[in-house]
């Protein structure tokens, strides 16, 4: 009999192929996000001038695709190949990496709850920095417009935050036609309008405050975001708990598979040594030699 022998231990095919199938989806999705990010940078000419990555004063939304896609690609690769090839190193890397992400998420959640005022100030600073860079990047512009439209807000704490932008500020030396205005995403929506009026915010901040609220959303995005969180606290908490449980479940499955693989390897028994029967003439010679 030839081959390897195992005593009572087997690798669970259900766990193995569940981890493989689940992570191959993450792997493919991660590659897709990274591909979209590289395509966006290519369209903006960033790939031909790498130094321009740091030129934008605000957030480049492409970074979200690259970072999230990169993390998903690494996790998906480690989990997929580790499960398929029964590679304990990749499986351990997968579970440790997933554990680090879970720990960072938990730490960020605790810090956000404990230092709410500091987080609020940082969010205000972050939004104002992006307001300054509003016209510098089309992706950032679209992100800000989407945020202001979705939460029906304008600026970080009010429409006057748009004074930070060189195109919208109300200084006498500003030659821009958008002087003392706001982006169209700040305007209140008229259900009767089929086409968006992109000039609806022109000169709006030159009007008295009492009149501005008839044309634009005067509430800031920070308080509107806080209100949205309070109104959707159950949904947000449910999403975070669901993601956390999914991560813990993935770590447990990976560790279970590692234990199965190591148990099988530990119980490996080499094939028995089969003695070859000697021919009769050899046996006679051996008898004569010892006689």
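Placed from the backbone N, Cα and C atoms, the Cβ positions cover glycine too.
Annotations in TrEMBL come from automatic prediction, not curation.
Pulled from TrEMBL, these are the features on record:
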DISULFID  153-186  disulfide bond
DISULFID  154-170  disulfide bond
TRANSMEM  17-42  transmembrane segment
TRANSMEM  62-84  transmembrane segment
TRANSMEM  96-115  transmembrane segment
TRANSMEM  235-258  transmembrane segment
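Here the features listed in TrEMBL are painted onto the structure.
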{"residue": "153", "record": "disulfide bond", "contacts (Cβ under 8 Å, 6+ apart)": "147, 186, 217, 219, 220, 221, 223, 224, 225"}
{"residue": "154", "record": "disulfide bond", "contacts (Cβ under 8 Å, 6+ apart)": "148, 161, 162, 182, 185, 186, 216, 217, 218, 219, 220, 221"}
{"residue": "170", "record": "disulfide bond", "contacts (Cβ under 8 Å, 6+ apart)": "163, 179, 180, 205, 206"}
Review point. Who are the chain neighbours of the transmembrane segment (96-115) in space, where the CB to CB distance is under 8 Å and they lie at least 6 residues beyond its ends?
Key: 71, 74-75, 78, 240, 243-244, 247-248, 250-251, 254
